[in-house]
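J.: Summarising the annotation, TrEMBL assigns transmembrane segment to A:12-32, A:71-91, A:103-129, A:149-171, A:192-225, A:245-269. Per TrEMBL, domain 'ABC transmembrane type-1' is recorded for A:65-269.
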């Protein structure tokens, strides 16, 4: 990194000002008011940590926290298994074809979650298209909706693009000579992948995993529409305390903890090699 | 320098008046004179029925324009009232909301000098809301599957062996707790005060047979149509609308849960007088008969029932049937948060 003058720093800061102001007004300020709300007593009065004390002794919160972690981790693994081959395939294409295929990767990303969830009901339901096809072969209908499987399908459909891009960056930054050198030394294709390509792409995998995990923590509509009775996540709990229980200090406290968890994961992201490729332009 | 005539007060006022007259009606601040009120309702078929039976006739009679918003929401009402920025004048209210909304000071007290509801059924009266309709909920089932064998009462619904099939219940504790007690054999007259422990035991027993704990009302019957459930808790109006388009579905009028379609005015509305006049209008017998004809829910006057079209009347619940249960919102008020939290926990295990 080159040495910069103070003037350049001031100039760069000026470029960031509009965005910083925008975020301060529309993100930091409301977030502060949520934090403030979480420290209120249920029936008014002074500041208190009552809501937090109640949260950590409520079995409902502990169960939902467990479910949120479980769903987020499995969605991350499920998406990785589907995204890695896509990234690998994309890395091998000519730039023109890659651009075309990347649009295909992004198409589901541009469709509303709500619309997609209803489409999954048509596809995966007991009388859905897939079960009708299975029925034609005399196979009994498989329950694919309103359970954890439905949640996984819905979530990974949304999350895959977030995984593909960091992995693709990692794969493309590998010097082609490395694979060639390994081949000259007599390694087979599988061995080259396992010993050279895969290890070198791990920073991209880690970065993607953290990003996808952070996004998963906040899922709301997909678990509500495609999940079963046990698939209640943090955001659904916030909704419950806001609209059904009308207990806003509790709703705010859950929201604060959710933001804290996401912030913690984001800090980890900045520490991982390859994570920087998402958080700044210095990687690639 | 030319002689500039100073602006006189009269010329300024005259100019403003001319501007006001020249501008089209919709940009005049009608709300300031109480000439426009905002009503939030649940939309759909009921929203259309209310537009025809209540809103348009009210505008015709009083000149007060009615604008509707969709999706009554207690949290949004609370936010509007607490921030003293009331955007909705009138709101539809669920049974369970009325005591909570009154306790939290979110509603205007009903002005009995404007609203006349002396003859209405007692269940439809509350200091802070008027009851405009009676709705009924019970068991719906498909007529094209399972050989037409379906539970018609709550004990039958709870009999998973005698009536095999996937069941649909709501994912909230209100109504579900009462249903569980009736399913366990408690007669409607003894449901309140609810024996909570007995209800949860009964819920535990039916849990394995319940395939869906439903969040949205529209899903109740949609899941039957989509062959995801076989028997479901739903409302008469939903089944009536589907039968009208020849969907093979039917409804049991035994052991129905009866509730009131409440309407209230938001505390601090800038149009309190117009809002009260509208509430009085909804308690007009003829308006209620018209609304019943269009919506399929019952009027809150016992003697208005006979005036409803016979085709609609067969869908109306029998308010006098002792096997039907009127929701007791007052019982719920102090318990709803604790029981709803317990119910959600129970659903997750």
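Just so you know, glycine gets a Cβ as well, placed from its N, Cα and C.
Can you tell me where each of these features sits in this structure?
T.: Non-local neighbours of the transmembrane segment (A:71-91) in the same chain are 98, 101-102, 105, 148, 151-152, 155-156, 159-160, 162-165, 167-168, 171-172, 197, 204-205, 208-209, 212-213, 216-217, 219, 223, 231, 233; each lies 6+ residues outside the stretch with a CB under 8 Å from one of its CB atoms.
Listed as Cβ neighbours of the transmembrane segment (A:103-129) (distance under 8 Å, sequence separation of 6 or more from its ends, same chain) are residues 86, 90, 141, 143-145, 150, 153-154, 157-158, 160-161, 164, 221-222, 225-226.
Sequence-distant contacts of the transmembrane segment (A:149-171) (same chain, six or more residues past either end, CB-CB distance under 8 Å): 71, 74-76, 78-80, 82-84, 86-88, 90-91, 105-106, 108-109, 113, 116-117, 120, 124, 143, 197, 200-205, 207-209, 211-212, 215-216, 219, 222-223, 225-228, 231, 274, 277-278, 283-284.
Note on the transmembrane segment (A:245-269): residues 31, 34-35, 37-42, 50-52, 54-55, 61, 207, 210-211, 213-214, 217-218, 234-235, 237-238, 275, 278-279 of its chain, located 6 or more positions outside it, place their CB under 8 angstroms from a CB of the stretch.
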J.: Report, as numbers and ranges, which residues of the same chain sit near the transmembrane segment (A:12-32): CB under 8 Å and 6 or more residues beyond its ends.
T.: 259
